[in-house]
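Worksheet: the structure to be examined is printed underneath.
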Amino acid sequence: MSGKIEYISGPVVKADLPGARLYELVFVGEIKLFGEVVRVQGDKAFIQVYEDTTGLKPGEPVVRTGEPLSAWLGPTIMGKIYDGVQRPLKNIEEISKSPFIARGVGYDQAPPLDLKAEFDFKPNVKPGEEVYPGDVLGSVKETELITHYILYPPLPEYVPGTVEWIADGKYKVDDVIARIKTKRGVIEVKMWHKWPVRRPRPFREKLPPVEPLITGVRTIDTMFPIAKGGTAAIPGPFGSGKTVAIRTLSMYAQSRIIIPVLCGERGNEAADALQGLLKLKDPNTGRPLLERTTIIVNTSNMPVAAREASVYMGTTIGEYFRDQGYDVLVLADSTSRWAEAMREVALRIGEMPSEEGYPAYLPTRLAEFYERAGRVVLMGSKERIGSLTIAASVSPPGGDFTEPVTSNTLRFIGAFWPLSPRLAYSRHYPAIDWLLAFSRYVDTVEVWWSKNISPDWRKIRDTLQSILVKEAELQEIVRILGTEALSEYEKHILNVAYMIREGFLKQDAYNPVDTPSSPIKQYLLMKAIYAYYEEGLKAIEAGIPASVLRELETVKRLPRLRMEITNDVAKEELTKFIEMLISEIRTTISKRQ
């Protein structure tokens, strides 16, 4: 079960390791660095090492574990901050006695779960009942916000059987909480189990994503929505607001579980993001957001190879909570750094490079990652539904969306929210470019909006979007000939587009009145602008100039409404405002006649 190092090249080690398997977890060198086999040629194994390889020497031992890199899944996972291979950073700091991670800290020193922690276990099944892989055996209260459901793991060794023994009471995470009698004998079930990070967890059936994931961000929810179980990418250059977008989603998205994966970001940016996340409160309960969050951190000064592990680790933890029936949101920041890690390892082991040096299997890996999202019918005897939504930022060099990571990501996602440096530098946040963005979920979530908010939601949304497209066309004329060359109708289009940009799309992430924006507030803000557009067309037909309409008191107030009216009074206040707006425009028309 062991071999010897032959050569070392950065994060890649070649070893003589008979019997090694692809993606097997190994310990490299005298200090037992974490590594994963990424290529096998006969008895030779190429290993990507998840820790700094400085000081390793040819001839040092490489020890096989016989199992793949796996996530430890069970109570005490919530509220933890892990590195890319699921070692708790707090434990590592205590062992290292330094702000930097010591090498060779194994799971025996820093276990991912606190196996000695005690919980009150409440069974969901009784002795004599039949259980199947994926069934919920019971539950424990892990935090004030989250009830942790203990599953009969959907692993090959766990087969259907009958509950022989199960009882409520106080148990440690590592204690046996049930015994299941099967054809293969009696299986003892503990509160936790391991799952290989590269293997998607099974489900019975994938469902269409029909319910929108409300994020509180108007540009996303109304213009370019994402559904529960959907996928989205947020590409943008440095300084365009990717991290603030991720922070806003983590705080206000209506998912029960949030899993931010900080993958390859700069150390100071990751520290800022962590400090921000630790201070955040759950908007519904006022409890710390960390009580429903698990964070994976893998900064750019940590070893390159561990970036790949961190993305898979976060997704596996997300799937585990999805299997408990929760709506889960995984936020990866950023997949470009993950792809760069893949490129470095692929070049070191001598694989043929493709476009810009990335490996030829880059599209396959991206597809495998995004395809783990979905709204699914879960394993087990009872019909339960859970969802895993994935939103990932992409950092294209120089904001070039034609580079391989962004262009390949576009093939596998349902919503595309590109961030524009032009909008960011003009202080328009979120800086999502409405001319480039798209969502494939508009048709599927339309039913939910029509049923729960208003039947004319789609018509108003499409009208506002078409006005923004017309504005872009008219801006070309204005740049060359000025506004004097435009008709009154075209001037009105520009005025309405300004209202859409300033009064609807723009949103202050740090203003509690403006963010989050409830679905009814979003709809009525949109309807107010639509009323200005429709009534304005009638006024222009009656001979009233667009400049006169823009100076009306209610119209002047339109861009400020988002910051004046709170979610709890939005329905009454905005409905009243729309009536006043229509009345003022109609009074202006009657005076002219």
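Cβ coordinates are placed from backbone N, Cα and C, and glycine is handled just like the others.
In Swiss-Prot this protein carries:
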{"type": "BINDING", "residues": "GLY236, PRO237, PHE238, GLY239, SER240, GLY241, LYS242, THR243", "note": "ATP binding site"}
Residues within 8 Å of the GLY236, PRO237, PHE238, GLY239, SER240, GLY241, LYS242, THR243 Cβ centre (excluding the ATP site residues themselves): SER395, LEU419, PRO421, ALA424, ALA431
LYS242 (ATP binding site) in three-state DSSP notation: helix
Least Cβ-crowded entry, counting other Cβ within 10 Å, from the binding-site residues listed as GLY236, PRO237, GLY239, GLY241: GLY239
Densest Cβ neighbourhood among SER240, THR243 (binding-site residues), 10 Å radius: SER240
Long-range Cβ environment of LYS242 (ATP binding site), under 8 Å and at least 6 residues apart: ILE234, GLY236, ASP333, SER334, SER393, SER395, LEU419
Around the Cβ of PHE238 (ATP binding site), the count of other Cβ atoms that are within 10 Å: 11
